[in-house]
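Below is one structure; the comments refer to it alone.
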């Protein structure tokens, strides 16, 4: 159950600003706050419900709210709420809630799970007058998974500059006039840099330059779709402007050039004798100006827009990089990432690249950013033209790889708005590395379009170059991969990555293992010994780790920045999840209140002991308070391992096909569930289900007790796994004509404590004809 929303309204007039200077409200404006998000005139509701036309440059008005977790997380109300219903919901129950609160569906949010649904609501007679109260009341219903206001959120881009910097397909050498300044693509020693300190892409261009099938979505503050060096790659009518609901996100303010510069890094049209080239010079390009109007439903939309067309979403933004805040995405945003990675590209998953963060100088860690540390994204760090860590680039166990950017003797040359002179030579920060990674992914997927998003992560890690080899943080993990908190698995090497991608064996379906520990132990103040706790993952010798999450619950510690947090795997690999560092305000408004950390560092390691099955795998958490003056308690922590197993792997076919098939309404559906190595779990307790999602949102589940399809959502069976049918025939008679999707899943909980795995089959689509 989610905690109720507790907020503080600013006692005086406050201002939220996106990339523009603040506007101070006056008494005549009823003490409302102007939120600047561009120069489009919009309408809004005043506090007394009267319709108002806002001054030029103002999109809407609202009081500013802060979460009780910290005064720096500024949010404004949109007059809407977002509700996700739990797996056991019913249409009747949803209708009852909607009727009780006078809610009208504004939109539906697509989810990865077929047994759940989420809606954006407004009141039936206009904006919801009390969205906080409504959201808190709705979340008390047992059928509700989460409910919260559709917040307008504040994030910032990751640009940073430190200095000013003055064709043939066979050769892979661009004829673009500014290519010689693009040292990140080919470093010949420009500016005193180290020769070869680049992404090693020149040889790749002789064969691969990407195509519109590998489309990069620049999620940012805009994209000039008519730019001379971008328009050749821009897909017509596929971009989106969240300010005016059109397909043209071109900024009108010269200050909003960030997204256009990111687009040039990823996919400026190369080999056209103009300006610069991008990493993927022929990839498709679209722009979503989410940062200009970041409400929670717009965030969901931006992460899923074009999901069925295949997208690589590059994100060079996140919470403020000050080192003294923790900020995480809303539950719906996480659902959007889960949906994209599970449904995009025909089930292979869309890709999300993310800037690792610019706050190292302030003690910030990329794991304090709940966007960048998500398991669904590729967080990228920044290195200089001398192959060392950029001074601003944040450390983090969540960092997958590093890419070149500013911080050395040269910045990055890329596209700029036409009104600013078309090109810029002073771009930088981790804003650069996310689009570099996106371009790299485009080339990898052109070489092998059959890779899943998890395969791509593996390919990038396994092919990375060990940069800055003398750095003392390099280690070898349990899978033999070199890894570093500053650089992840190393510098992106596209020649090696593309070659590896071409012969890559795709991974089995994803599995997960969860173990929790409750301690309620005091954390000694200013004591390196701290608190140690070990959990055992039994019977996990056949599970290979891909990503690790740690949920740390120490809510009463008044200063999260006092704490070191380290996880050690059975292979001995350490993930430093948090580093103690001084901050300006301690006690802090933030705390590790079931905070989710992420780590890529255990990629390829066995979840259990390296010696083999079925030995227990001991994972140890160390939490130490390293700065005097504040004390608190380690209440509990949870370990979640994501990876793959050679054990239970469901495969689903309908009428002998694993892809779409067509049946008549009087034909039989031969739904076959195949379970690899299921005998390992015979007699073990399990929940399993067979779901069918039909037209107009209709949901069905197969009831194994009555051996029939039932309207609604529910478990097919709870009990020993040997009761699971391996092949069954279900009648199609009575199904309404339309499109259906069917999925099989099983959740193994043999001892009621340790989760042995959550396994979901492929989804098969079929059509019933009259």
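Yeah, the Cβs are placed from backbone N, Cα and C, and that goes for glycine too.
According to DSSP, residue 220 (active site, charge relay system) is assigned to coil rather than to any helix or strand. Taken from TrEMBL, the feature active site, charge relay system covers 220 (among others).
Annotation comment: TrEMBL describes 258 (among others) as active site, charge relay system. Using a 10 Å radius centred on the Cβ of residue 258 (active site, charge relay system) and all shown protein chains, the other Cβ atoms total 27.
The active site, charge relay system annotation in TrEMBL covers 431 (among others). DSSP assigns residue 431 (active site, charge relay system) to coil, not to a helix or a strand.
The feature domain 'P/Homo B' is assigned by TrEMBL to 507-647. Helix, strand and coil residue tallies for the domain 'P/Homo B' (507-647), in that order: 3 helix, 76 strand, 62 coil [DSSP].
Per TrEMBL, the feature signal peptide maps to 1-27.
Reported as a whole number, the C-alpha separation between residue 258 (active site, charge relay system) and residue 431 (active site, charge relay system) equals 8 Å. For residue 220 (active site, charge relay system), the count of additional Cβ atoms within 10 Å of its Cβ stands at 31 [all protein chains shown].
If you measure from the Cα atom of residue 431 (active site, charge relay system) to that of residue 220 (active site, charge relay system), you get 10 Å. Under the DSSP three-state reduction, residue 258 (active site, charge relay system) is assigned to helix.
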